[in-house]
């Protein structure tokens, strides 16, 4: 998996900082997560081909997470896109987009599907042969979901020396990769694990923004390889976090620790802070593996 | 008057080019005209104080002219604006903005007024003691208005030598500035034009974008000091201009010539062109005083 941070600041776009948006690549498959104003320009800056984006996930309807969506949809149209586009987000998002398309008399010339979310429970919202995506119900001022991306196990890998020694017909390779025992050209059954190796370990990623400190997400994100958890504030501004239903770096780290995640990435910083290193230092008092999101930064895992 | 171009390209925002938006300053009074995606960042880049913007004019509901508006309104709220904001634009704009405020549960904490436009005729839509703003009905694929800004004549200027020589009481200065004849301390009437000079010549600016070549606008913009007229295409792409209801540089120049304007500013360039100088050269075959809009450029007149 490869995660590209297009924007990781809260509230308003500024000259050098962008509101929330990130691209997750899983086996050459691109998922766009949130789409603040300016996202399409950041996609260009990061040289991400627009046509490769087929699925967009919107966490909630605060502007810094979706004001760039209508423009991106519109640009796809101007670029004469033909590929279908699927958008997953809170109920109401479809109305917002279609009202603007109607009034501008600019309907898309590509198939556009809205998958509106309303459930308060974690649910499977996307699945193909390579990945599953689940919602992570968060605690914020409006209805909000995080998203959990789980790579599916791939096929077993052939141990070609063993396969050739055992004299297996090529017609059986597919079945071997799928884990079946097969017979060789002499009609003898050979155990699968003598001929194949386990598939590459699959990865998982959880995106949790925006949210107050919220322990009910822990069982959902348990053991994920990478957790992006918002940390709008430092602990010294804890009194601002509670009423706005945001988290501090310390709280994000506490969630990461309890969920036993591999790595915690912090982001959604309030624009009041100049020195982001304080977020890392604060989180590291609770949890070891902490990374800071920064606009334009990529994480490969 | 001072005109700052925040964005002057058509269609989609890119790394180095912005969709339509400009700020017109008249006697320290700021008017924002159109508001494509990224406008709030361009306002910051050009160091224009957000609080000084009290009136926003939206020409039409194509995304490259208004997708930045909802974000700007939202940022004003986050900056705890108190000043009222007036928005003039096509019917439907209020629905677009309020739907998003409703779903994000983010109503403004400052007074927000929508003045929705529906007339097919030029009308006075704003007036204070310094300026009048009229619509300029344009010909485009959706309902579109340009905007005509006319500075009102200021007060007459006192010729202080003459005033002192004529022995006029200071209590009459105000009346003199307003053009009245007054009496001096000896009770003799003195003609106003012996004591005052004409006010500084007022200026006018017309914004015409987006539009096909459309002669009915000529009487409305007759003799304006500065005309911003879209020139999405060069003459060699005239066949693209007609169906999209845009203008070529040549057509913009023809309008400028017939309307006998002072200066023509070209803009709203299609992103297919790298060399903008061709627009100037083409327009200059028809009309002498041609300037090219560029993002971040200011014009003082």
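Each Cβ is built from the backbone N, Cα and C atoms, and glycine gets one as well.
If you look up TrEMBL, you'll see A:60, A:62, A:140, A:210 marked as Zn(2+) 1 binding site. Annotation comment: TrEMBL describes A:64, A:65, A:210, A:268 as Zn(2+) 2 binding site. For A:64, the entry in TrEMBL reads active site, proton acceptor.
Everything TrEMBL records as a feature, shown here on the structure.
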residue	record	Cβ neighbours (10 Å)
A:60	Zn(2+) 1 binding site	26
A:62	Zn(2+) 1 binding site	24
A:64	Zn(2+) 2 binding site	28
A:65	Zn(2+) 2 binding site	26
A:140	Zn(2+) 1 binding site	21
A:210	Zn(2+) 1 binding site	26
A:268	Zn(2+) 2 binding site	28
Residue A:64 (Zn(2+) 2 binding site) and residue A:210 (Zn(2+) 1 binding site), compared by Cα position, are separated in whole Å by 10
The correct subset of the binding-site residues A:62, A:65, A:140, A:210, A:268 with a Cβ closer than 8 Å to some chain B Cβ is A:62
Those same-chain residues, other than A:60, A:62, A:140, A:210, found with Cβ within 8 Å of the centroid of the Zn(2+) 1-site Cβ atoms are A:59, A:61, A:65, A:138, A:141, A:142, A:144, A:209, A:211, A:245
Of the binding-site residues A:60, A:62, A:140, A:210, the one whose Cα sits nearest to the Cα of residue A:268 (Zn(2+) 2 binding site) is A:210
Rounded Cα distance in angstrom between residue A:210 (Zn(2+) 1 binding site) and residue A:65 (Zn(2+) 2 binding site) is 9
Note on Zn(2+) 2: the CB centroid of A:64, A:65, A:210, A:268 has further same-chain residues inside 8 Å, namely A:10, A:19, A:20, A:34, A:36, A:59, A:60, A:62, A:209, A:230
Here the Cα-Cα span from residue A:140 (Zn(2+) 1 binding site) to residue A:65 (Zn(2+) 2 binding site), rounded to a whole number of angstrom, reaches 13
